Amino acid sequence: MQTAFVAALLIYMLSAAAYCAYLFLQRNPLQQAGNLLLVTGFTAHTLAIGWAFAATGHFPAGNLHETLSVTAWSIAGAYLLLGLKFHLKILGAYVAPLTVFILLAAFQFPRTPTQPENLLQGVWLTTHIVTIFLGYAAFILAAGTGVLYLLQERNIKAKTRGFFFKRLPSLDMLDTTGYACIVFGFTMLTIGLITGMVYAKAVWGRFWAWDPKEAWSAVVWIFYAVLLHERLAVGWRGRRTAIMAIAGVGVLLFAFLGVNFLLKGHHGQFTQW
Amino acid sequence: MDRIILIGLNHKSAPIEIRECLAFDEPDTRAGLGMLRDDPAIDEAMIFSTCNRVEVLLSAHRPDAAIAAAKRFLSTTKQVPLAVFESSLYLHRGEAAVRHLFRVAASLDSMVLGEPQILGQVKGAYRLATEQKSAGVILNRLLHRTFFVAKRIRSETGIGDHAVSISYAAIELGRKIFGRLEGKQVLLIGAGEMAELAVDHLVRHRTGRVYVANRTFERGVALAAKYQGTPIRFEEIGAHLGKVDIIITSTGAPGYVIRQADVKGIMRHRRNRPLFFIDIAVPRDIDPLVNQVNNAYVYDIDDLQEVVDDNIEDRRREAVKADRIVDEAVVQFRRWYDSQGVVPTIKALNAKLREVAAAELQKTLGHLPHLSAEDQQAISRMSEAMVKKILHDPTRFLKGNGCHGDRAVYLEVARRLFKLDEQMEQRANQDPDRPTEPSEP
């Protein structure tokens with residue numbers, strides 16, 4: 001199992017290297033290699049997680065090591081999934097290193113699950129975890145495209161055709177992809193919250209407990225709901241959406257990690273090490 | 001390689017007055033190729049004429065006579081005294097001629113560095129030469145190499161990347177904003193060559209409806225008809241800002257035609273869809289402050305010129321890489337050319353026959369173990385003698401004057417009949433210049 005994790009990490013590293021080389025040299029074979037490596041790394045990672053799942057009987061998101069690993073896995077997965085429809089090659093230069101970075105961070109924490117609680121079982125819970133992670137990963141991708149959008153917009157407005165001007169795709173492409181990421185992330189988050197509530201009802205007897213984690217997840221949900229609403233209703237797009245997508249990640253990170261470190265709640269073990 | 005000769009003039013060596021006198025159109029070229037082909041000093045010929053150059057490419061066994069003949073040919077067919085243009089002519093022989101041809105086809109010698117049409121023009125000239133049967137072994141090989149080199153340079157260097165004209169630079173910027181220009185609506189305000197050229201480019205990218213606004217409505221109607229567009233009145237511009245995506249302005253108006261407030265007001269109505277202003281007018285038609293409005297982008301003529309200058313600079317840098325590829329290709333061509341000589345061909349022929357004889361001899365003797373050593377030697381001597389006898393006449397023919405001026409043709413035939421090229425190539429230790437030519441006409 002550990003071998004598969006390490007293999008995944010190494011392959012992700014190669015993919016990141018290929019993507020970075022692509023960023024500088026602009027040779028298509030490099031991008032193809034990067035993508036292929038990312039798919040391979042993701043497959044190895046999926047096997048490793050599946051293996052852990054089978055061995056312990058619960059989805060491996062029980063401590064900080066596992067949580068971060070699943071985060072990396074979700075980001076790679078969300079990127080590959082979105083890549084089927086949007087050919088935003090250059091985003092790989094952001095996703096692959098990010099995946100490596102998060103997985104490396106994961107390895108800094110003890111790997112053995114402290115105590116497998118009975119809580120982490122059942123199809124509702126697995127769905128809850130996977131969808132929430134994928135949703136958050138998609139939001140992180142949206143922030144990535146947001147950064148690229150701002151860079152490219154700056155290039156065009158300031159009439160400086162620097163390093164990124166040639167390498168980045170069109171504003172429209174970045175905007176559309178960011179929007180798609182947010183729609184996907186929002187859908188996943190919604191499903192995740194609903195399954196979480198169903199699970200809470202089954203375990204604790206109530207849908208909503210005003211636990212800090214729940215409250216902050218709701219804040220994230222509302223944040224992105226507003227963003228989507230504004231886009232559909234008044235046509236928020238471009239710069240403003242990009243900035244909001246980046247700001248959204250701040251809220252998201254607080255809900256995801258900050259709450260666990262600063263506040264208390266029933267998602268505590270999720271970040272323990 | 002001295003028999004390859006290139007003689008001609010281009011935009012650098014001759015003014016337009018001379019170039020236009022010497023230009024060859026297609027019928028001229030066909031007739032000219034016939035004349036060159038019939039000249040006793042010339043074996044192969046190609047004429048390449050564009051608005052920037054007139055060049056004659058020759059392969060000749062008597063180079064000096066051929067050069068004189070080519071000059072005479074230019075002078076008589078075009079009825080221009082040689083003295084008028086002789087000082088503008090450049091003459092390249094051997095490797096220099098090959099290099100020049102490679103550079104021309106790769107657009108390294110063009111007025112606009114890296115412009116893409118030239119390769120097609122060289123191909124056209126070569127097609128005429130093959131149709132008039134004035135291209136032979138050497139020019140065939142040389143031109144196929146030329147196409148190969150030009151394509152390689154185009155794909156491996158950025159020589160053809162990015163726009164080097166104002167109107168095209170505008171299109172490229174548009175694509176950085178909109179991604180695809182398909183279906184985007186265009187508003188042309190005013191008229192003018194550069195603005196109309198930009199609209200032409202846009203229409204070719206399948207943009208949507210074109211609106212034309214002009215101070216004099218009649219003029220607008222006429223211009224709109226050209227693009228099957230819709231003429232609008234000057235007062236209607238404000239109302240149309242809500243639906244168009246690309247606005248090209250080129251009016252003679254002294255003040256701004258579109259101000260920041262106009263654009264700010266319209267953005268909400270157009271749901272913040274991007275708006276791209278291309279301002280070609282001097283004095284400017286678009287208030288530069290419009291560029292500060294979210295999702296609105298303004299490029300004026302100076303901005304576009306800067307883009308063009310940068311791109312030209314980029315191409316110059318890429319040209320250095322391209323020249324390296326050319327140098328490499330010249331060396332490879334030289335290697336091929338040298339292998340086409342009499343001596344290498346005869347050597348290869350010798351080696352091939354000896355190899356066949358030796359192999360067969362070994363096989364036969366293997367089945368006849370009862371023969372004595374003397375018998376075996378006798379048979380071996382006989383096979384050697386046969387090889388020598390067989391080779392005698394062809395060797396003399398290829399070495400001697402039996403083939404007149406067409407030695408290259410006979411050498412080629414000999415190599416093909418005996419499949420010597422494969423052999424020579426293996427021997428040359430995997431020569432990178434393998435005949436992987438693209439199949440040109």
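Cβ from N, Cα, C; glycine included.
What TrEMBL says about a protein is an automatic prediction, not a curated fact.
Annotation comment: TrEMBL describes A:6-24 (among others) as transmembrane segment. Among residues of the same chain six or more beyond the transmembrane segment (A:6-24), those with a C-beta under 8 A of the stretch's C-beta atoms are 30-31, 33-35, 37-38, 40-42, 44-45, 48, 72, 76, 89-90, 92-93, 95-97, 99-100, 103-104, 107, 167.
Taking Cβ pairs closer than 8 Å, the transmembrane segment (A:36-55) reaches residues 1, 4-5, 7-9, 11-12, 14-15, 18-19, 66, 69-70, 72-73, 76-77, 79-80, 92, 95-96, 99 in its own chain, all 6 or more past its ends. Among the features that TrEMBL reports, transmembrane segment is placed at A:36-55 (among others).
Residues or ranges marked as domain 'Cytochrome c assembly protein' by TrEMBL: A:62-267.
If you look up TrEMBL, you'll see A:67-84 (among others) marked as transmembrane segment. With a threshold of 8 Å between CB atoms, the same-chain residues lying at least 6 positions outside the transmembrane segment (A:67-84) that come near it are 5, 12, 35, 38-39, 41-42, 45-46, 49, 59-61, 91-92, 95-96, 98-100, 102-103, 105-106, 109, 129-130, 133-134, 136-138, 140-141, 177, 180-181, 184-185, 270-271.
Sequence-distant neighbours of the transmembrane segment (A:91-109) (same chain, 6+ residues past either end, Cβ-Cβ under 8 Å): 5, 8-9, 12-13, 15-16, 18-20, 22-23, 31, 34-35, 38, 41, 63-69, 71-72, 75-76, 79, 140-141, 144-145, 147-148, 177, 273. What TrEMBL records for A:91-109 (among others) is transmembrane segment.
Here TrEMBL flags A:129-151 (among others) as transmembrane segment.
According to TrEMBL, the transmembrane segment annotation covers A:176-200 (among others). Using a Cβ-Cβ cut-off under 8 Å and counting only residues 6 or more beyond its ends in the same chain, the transmembrane segment (A:176-200) has close neighbours at 78, 81-82, 85-86, 88, 91, 122, 124-125, 127-129, 131-132, 134-139, 141-142, 145-146, 149, 206-209, 214, 217-218, 220-221, 224-225, 227-228, 231, 237, 241-242, 245.
Among the features that TrEMBL reports, transmembrane segment is placed at A:215-234 (among others).
Marked as transmembrane segment by TrEMBL: A:241-263 (among others).
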Beyond the flanks of the transmembrane segment (A:241-263) by 6 or more, those residues with Cβ under 8 Å of it: 136, 139-140, 142-143, 145-147, 149-150, 153, 174-175, 178-179, 181-182, 212-213, 216-217, 219-220, 223-224, 227, 231, 270-271
Across the domain 'Cytochrome c assembly protein' (A:62-267), average pLDDT on the 0 to 100 scale: 85
